[in-house]
Ligand code: 5GP
């Protein structure tokens with residue numbers, strides 16, 4: 001290998017936690033699904049209403065994703081973000097996406113974070129603690145209701 005060769009990329013692991021959520025092997029508080037994407041609540045929210053949107057097509061991160069899958073993902077991010085903003089009467093949104101451990105990624109299936117924000121309220125720590133499942137269920141219901149009301 002020469003010094004200018006790219007570092008070998010880790011392969012996609014089909015048993016990562018989000019792949020298992022997609023297959024229905026482990027539960028998630030789902031808020032939106034279409035043929036190409038799924039959205040559900042983050043179990044360790046950095047703010048009330050923290051939602052994740054993932055493509056159904058396997059991809060480790062942004063760099064190995066198929067462009068058509070990325071286009072579908074971003075369309076769902078916009079739709080879910082509008083509903084999240086309405087459901088939580090948020091002043092704004094923080095939307096982010098990490099790639100590889102050095103970039104802060106901990107689950108290796110591409111995902112986009114959507115966190116509703118309030119003026120002057122800081123983001124909580126990444127993976128700071130598990131939320132009460134009953135509260136996550138309530139929050140998911142609020143977002144689904146906003147989508148059904150046409151807020152997406
Ligand atoms: P990353 O650092 O990879 O961008 O973030 C992964 C996110 O997934 C974290 O915010 C973490 O709280 C969330 N997460 C980790 N495990 C689970 C899980 O089993 N279910 C759900 N819904 N979220 C998870």
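Even glycines carry a Cβ here, placed using N, Cα and C.
Every protein chain shown contributes to the tally, and the Cβ of residue 111 (active site, tele-AMP-histidine intermediate) ends up with 22 other Cβ atoms within 10 Å. Taken from TrEMBL, the feature active site, tele-AMP-histidine intermediate covers 111.
Look at TrEMBL and you will find 17-124 tagged as domain 'HIT'.
When averaged over the motif 'Histidine triad motif' (109-113), pLDDT in the model lands at 98. The motif 'Histidine triad motif' annotation in TrEMBL covers 109-113.
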